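Per Swiss-Prot, the feature ATP binding site maps to 138-193; the stated evidence is sequence analysis. The feature Mg(2+) 1 binding site is assigned by Swiss-Prot to ASP265, GLU279, with sequence analysis given as support. Summarising the annotation, Swiss-Prot assigns Mg(2+) 2 binding site to GLU279, ASN281. Per Swiss-Prot, the feature domain 'ATP-grasp' maps to 112-312.
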Amino acid sequence: MSGFGTQIDVKALGKVAVLLGGRSAEREVSLMSGTGVLKALLSHGVDAHAFDPAERDLGELKKEGFDRCFIALHGRYGEDGTVQGALELLGIPYTGPGVMASSIAMDKIMTKRIWRFEGLPTPDWRLVASAGETRAALQALGAPMIVKPSREGSTIGLTKVWTAEECDQAYVLASRYDPEVLCEEFIEGDETTCPVLGTGEGAHALPVIRIVAPEGNYDYQNKYFTDDTKYHCPSGLPAEEEAEIRRIVVRAFRTLGCRGWSRADIMIRASDRKPFLLEINTSPGMTGHSLVPMSARAIGVSYENLCLGILASAALDAAQPEQEHA
């Protein structure tokens, strides 16, 4: 069978657990992603099984003889290095970035600090711990401003604020999901996203997707549960803009130490067409509305082959030492 244009020995993949569901605020989306991945792998003849860490102990993976895991978990405990660390201890290879890269990428503030240090463009921001500090951030960054939890995804807990009065409620909402609240400069312009596949020097960007949401509001509902959002792939952007985005996202991916696959979100500022990195998702959605499969289709890679190729890239952070025998 083929994945990413290469031949893959399905039997060599062994017994596979598709990790789905979990305990995060993104459980519903994860169940949809995992169900799609499971069907795709089964269609290739992979010995794949659904496994929900919210309902079963991860230690059962070893007891039941699983050889590798496809992580279709999103958000806390699945995308933040937690499950990756458990799988490292169990010695079971898994898809996506490793422990440190997953943990850093889940923390938007830490990610932005690293990107800025490396000279990568990202919107200005403030870390706040109260509604009062949120108001002060609005004065510093200007309106409108984005207020969101530092460690959530799928726009959960996110608010776009225009006035000081809106800051209080926005802070309360974001802090329900994370004590660390990020206030971020709003970039007016084109919203785009770009997947990256591969590892190290082999990492490469897939085609850019341009997103046009109703009234510019690409929220949780418009991401997953409506058909009102329009996705353009090919993006329709000038060739030099697309090339620059692809170059930046590969740098962003490598800078955080990612491997396997991820997807970066970028805004292109309307005033000067400068791209700004917003965040990187280390376990992107794989639902019917998801963007990595859409980008892959644009270069002739089917959903089924995409899933197989990602699974084949499963790895551990470090080689497992041989067990010593008494």
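Indices start at 1 and increase along the chain as displayed.
Including glycine, each Cβ sits where the backbone N, Cα and C put it.
All protein chains shown were included, and the count of other CB atoms within 10 Å of the CB of LEU138 (ATP binding site) stands at 23. DSSP classifies GLU180 (ATP binding site) as coil under the three-state reduction.
Counting only same-chain residues at least 6 apart in sequence, those with a Cβ under 8 Å from the Cβ of THR159 (ATP binding site) are ILE146, VAL147, LYS148, GLU166, GLN169, ALA170, LEU173, ALA174. All chains included, 22 other C-beta atoms sit within 10 angstroms of the C-beta of ILE187 (ATP binding site). The secondary structure of THR159 (ATP binding site), as reduced to three states from DSSP, is extended strand.
Counting only the Cα atoms, the space from ASP265 (Mg(2+) 1 binding site) to ASN281 (Mg(2+) 2 binding site) is about 8 angstrom.
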